[in-house]
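Working notes, structure below.
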Amino acid sequence: MKRLARSLYLQVLLAVVLGALVGHLFPATGASLKPLGDGFIKLVKMLIAPIVFATVVTGIAKMGDLRKVGRVGLKGLLYFEVLTTVALAIGLVVARLARPGAGMNVDPATLDTKAIASYTNGAQAHGTVDFLMNVIPRDVADAFARGDILQVLLFSVLFGAALAALKDKGRPVLEFVDGLSLVLFRIVGFVMRLAPVGAFGAMAFTVGKYGIATLLSLGKLIACFYATSALFVVLMLGLVLRWCGLSLFRFLRYIKEEIFVVLGTSSSESALPLMMRKMEKLGCSKPVVGLVVPMGYSFNLDGTSIYLTLATLFIAQATNTHVTLVQELEILAVLLLTSKGAAAVTGGGFITLAATLSAVGNIPVAGLALLLGVDRFMSEARAITNLIGNGVASVAVSRWEGELDQARARAVLAGTVPEEVEPANEPEPPAIPAGAGLHG
């Protein structure tokens, strides 16, 4: 009992199991518990924008050399593009080999498309230009109020750059933002005590509303997706961590609390503040974490990428739509564009799928109706894979920059360094280099 009282991940795991039981045995009660999960996620999202702001601003201001900021951002984007391309390709290959939709013989004309109307309408405004324009906020207050991570990130980079350019004159502001960061992470600690309650409510709602029968009806698709996500984590992300000199399984054990929070809430954002703190304590460069992790929530959605290609070919197979190899490559190319920013809008995965199917043309968009019932059961694997992918990304880019404290990272993963100890490579606050400026 003492271990349960001290261990957040055990509390969340127990809450997930109890929530599933309540949802299965008492469906109406389980469905009514949705506010518990929603409330917890809202509490976390309340903190994400200010935490991203404080972390990015202090990281850039202390870094001083703004050319380095650009270099880190470019390396992060390059890493994201390579890994998401691999994730999309793996989903495509598994769908070809496993054929989860084969034999369903669904007539698209018989499907009820009313439920997917909002997603197909949203696909009309999901182009690349719209996405890029959406990165620029109408005003700063609006970006923070809506919690738009990319808009907050853009403003934070500009604010940090301006602070670095001010040199000594900016020190009081930097001290304030640095202190604000400490306060925000302390609030995160308070909020995370409610994680078991949120996980219980979210899992009870999922099972109570959709039922186990829904899970079994498209079991092959769900099994394919979970297996593919696990394969990607073990092979690709494991390979990246090996290049960084670290063990994947020790890394997963290190972030187990965050994984179970995401498992219970089906939202990778619910663990974003904790993940940023964990990566810093692991020995990653604070400026790298501040830039890479928030960017990753729009550009490095590995789990979502696997889901998109798998779901696209599933719909084609279920509706007996023949897709040639050339068309599959076209799907891959379209998804490389449409998948960016899939997390920036509600129902982003479905909107991205609708946009892709519309662009490809020969796969019926009405087939999205097949996924509505089981999509919720795949969201946990999507969110967990996204979470792990963004954690590994911060380690990889730190290693690429030569700013990963590998000795500390190995010690932390081995459990020989208390997680509460601050990382050795974090800059001492709040010194701004005398020569810092916009041209570094």
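Every residue, even glycine, has its Cβ placed from backbone N, Cα and C.
Annotated transmembrane segment per Swiss-Prot: 8-28 (among others), in sequence order. Residues 192-193, 195-197, 199-209, 211-212, 256-257, 259-261, 263-264 of the same chain lie 6 or more positions beyond the ends of the transmembrane segment (8-28) yet place their CB under 8 Å from a CB of it.
According to Swiss-Prot, the feature transmembrane segment maps to 40-60 (among others).
Residues or ranges marked as transmembrane segment in Swiss-Prot: 74-94 (among others).
The transmembrane segment annotation in Swiss-Prot covers 147-167 (among others).
A Cβ distance under 8 Å defines the sequence-distant neighbours of the transmembrane segment (187-207), meaning residues of its chain 6+ beyond its ends; these are 8, 11-12, 14-16, 18-20, 22-24, 27, 29-41, 43-44, 47, 51, 260-261, 263-266, 270, 273-274, 277, 376-377. According to Swiss-Prot, the transmembrane segment annotation covers 187-207 (among others).
Among residues of the same chain six or more beyond the transmembrane segment (221-241), those with a C-beta under 8 A of the stretch's C-beta atoms are 83, 86-87, 90-91, 94-95, 98, 100-101, 215, 247-248, 251, 302-303, 306-307, 310-311, 314, 374, 377-378, 381-382, 384-385, 388-389, 392, 395-396. Summarising the annotation, Swiss-Prot assigns transmembrane segment to 221-241 (among others) and lists sequence analysis as the type of evidence.
The transmembrane segment feature in Swiss-Prot is assigned to 288-308 (among others); the stated evidence is sequence analysis.
The transmembrane segment annotation in Swiss-Prot covers 354-374 (among others), and the record cites sequence analysis as its basis.
Annotation comment: Swiss-Prot describes 419-440 as region 'Disordered'.
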